[in-house]
Amino acid sequence: MIPGNRMLMVVLLCQVLLGGASHASLIPETGKKKVAEIQGHAGGRRSGQSHELLRDFEATLLQMFGLRRRPQPSKSAVIPDYMRDLYRLQSGEEEEEEQSQGTGLEYPERPASRANTVRSFHHEEHLENIPGTSESSAFRFLFNLSSIPENEVISSAELRLFREQVDQGPDWEQGFHRINIYEVMKPPAEMVPGHLITRLLDTRLVHHNVTRWETFDVSPAVLRWTREKQPNYGLAIEVTHLHQTRTHQGQHVRISRSLPQGSGDWAQLRPLLVTFGHDGRGHTLTRRRAKRSPKHHPQRSRKKNKNCRRHSLYVDFSDVGWNDWIVAPPGYQAFYCHGDCPFPLADHLNSTNHAIVQTLVNSVNSSIPKACCVPTELSAISMLYLDEYDKVVLKNYQEMVVEGCGCR
């Protein structure tokens, strides 16, 4: 069985076990009889056996999604706006120009071209202030990356910092700041207090008159931690205020919580580490164009057409109780293939030479089955979800949508 079909079959079986007859509309007519038989047999079993069967189905699904157990997201889990916007761009829900207004979001074409998984990480809440000169402020941040699977190869990583516009006077030349990003090379306990051994990863000169997100390349550090298994002592962020004092330190670049502002504001504006990786399965992320409304064609000719073709099948994640950890989409149109493969096979039935021969033999020998109506082309979907560690993940899953059917 094609992996995509097996995936859908398990979903449908889970829906039947969880919801009974209320989900019968999701099952093709030809399968309702078999589903009823399954339910009849299941009704005679002990409830413990049914729950065990359901757990097996769920475990199979989670394995397909690359998860070791079912995520149980906490109420404090935060979905960064950046990841939501990235999902919308990746899935083609909205154009980049519409999404980027006021957010500074640009689709990461180069990192995404080598990845099928994007993960986001917030730093551990405790911050370590690093004493510096009167013109700068610096902090050390720790990011726990232990939730990245062993089979996922990280290709790049970026650190996103939010900076707000600050009115410091009319003098343009006095409004420049330099933001330096360092990798901490040794644990603070082994160093002189107030001094870190670091290496520079990225730097940028910015002006205080703009509110936007800044993105810094921290790939060398993250690759050392994940590929080379080197110790992770965190990143150091230094903001140097050129030609000025520290009057507005902490107001321009959001690297620490501001007490007067609400926790919700800080949750969305705090520093964000984003990794791009590939687990070796399927294609890389590719930004899709915005979807247009489908054109409606007359269905009169199809009502009597029983030949092999694609039919609608919507899979709703809430029906299997997964809408608490799958952020988007709420469901998707999977489609399925059903219909006859009559002799002689028409060109539009997308048949193989073998299917043509098999159908020809069937016409004179009924003991040989007809060719079957099966998916001939499958496509991927993007999913945004919370994993077992409350980390937000954007991932491409292959062979989830039927694009074409044929007799094979």
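Positions of Cβ are set from backbone N, Cα and C atoms, glycine also.
Among the features that Swiss-Prot reports, signal peptide is placed at 1-19, with the record citing sequence analysis.
Ser91 (phosphoserine) is surrounded by 21 other CB atoms, counting those within 10 A of its CB over all protein chains shown. Per Swiss-Prot, phosphoserine is recorded for Ser91.
All protein chains shown were included, and the count of other CB atoms within 10 Å of the CB of Asn144 (N-linked glycosylation site) stands at 15. Annotated N-linked glycosylation site per Swiss-Prot: Asn144 (among others), in sequence order.
Following the DSSP three-state reduction, the secondary structure of Asn209 (N-linked glycosylation site) is coil. Neighbours of Asn209 (N-linked glycosylation site), defined as other CB atoms within 10 A of its CB across all chains, total 11. If you look up Swiss-Prot, you'll see Asn209 (among others) marked as N-linked glycosylation site, on the strength of sequence analysis.
Feature annotation from Swiss-Prot assigns compositional bias 'Basic residues' to 284-307.
Same-chain residues at least 6 positions away in sequence with a Cβ under 8 Å from that of Cys373 (disulfide bond) are, in sequence order, Cys308, Arg309, Cys337, His338, Gly339, Asp340, Cys341, Cys405, Gly406, Cys407. Cys373 (disulfide bond) falls within a strand when secondary structure is assigned with DSSP. Positions annotated as disulfide bond by Swiss-Prot: Cys308-Cys373 (among others).
Residues or ranges marked as disulfide bond in Swiss-Prot (evidence: similarity to another entry): Cys337-Cys405 (among others).
As annotated by Swiss-Prot, disulfide bond applies to Cys341-Cys407 (among others). According to its DSSP assignment, Cys341 (disulfide bond) is coil.
Here Swiss-Prot flags Asn350 (among others) as N-linked glycosylation site. Secondary structure from DSSP puts Asn350 (N-linked glycosylation site) in coil. The Cβ of Asn350 (N-linked glycosylation site) lies under 8 Å from the Cβ of Thr376, Gly404, Cys405, Gly406, Cys407, each on the same chain and at least six residues away in sequence.
The Cβ of Asn365 (N-linked glycosylation site) lies under 8 Å from the Cβ of no residue that is in the same chain and 6 or more residues away along the sequence. Annotation note: Asn365 (N-linked glycosylation site) sits in a coil segment as assigned by DSSP. According to Swiss-Prot, the N-linked glycosylation site annotation covers Asn365 (among others), on the basis of sequence analysis.
Across the fold, the C-alpha of Ser91 (phosphoserine) and the C-alpha of Asn144 (N-linked glycosylation site) stand 28 Å from each other. The Cβ neighbour count for Cys407 (disulfide bond), using a 10 Å radius over every protein chain in view, is 26. The DSSP secondary structure for Cys405 (disulfide bond) is strand.
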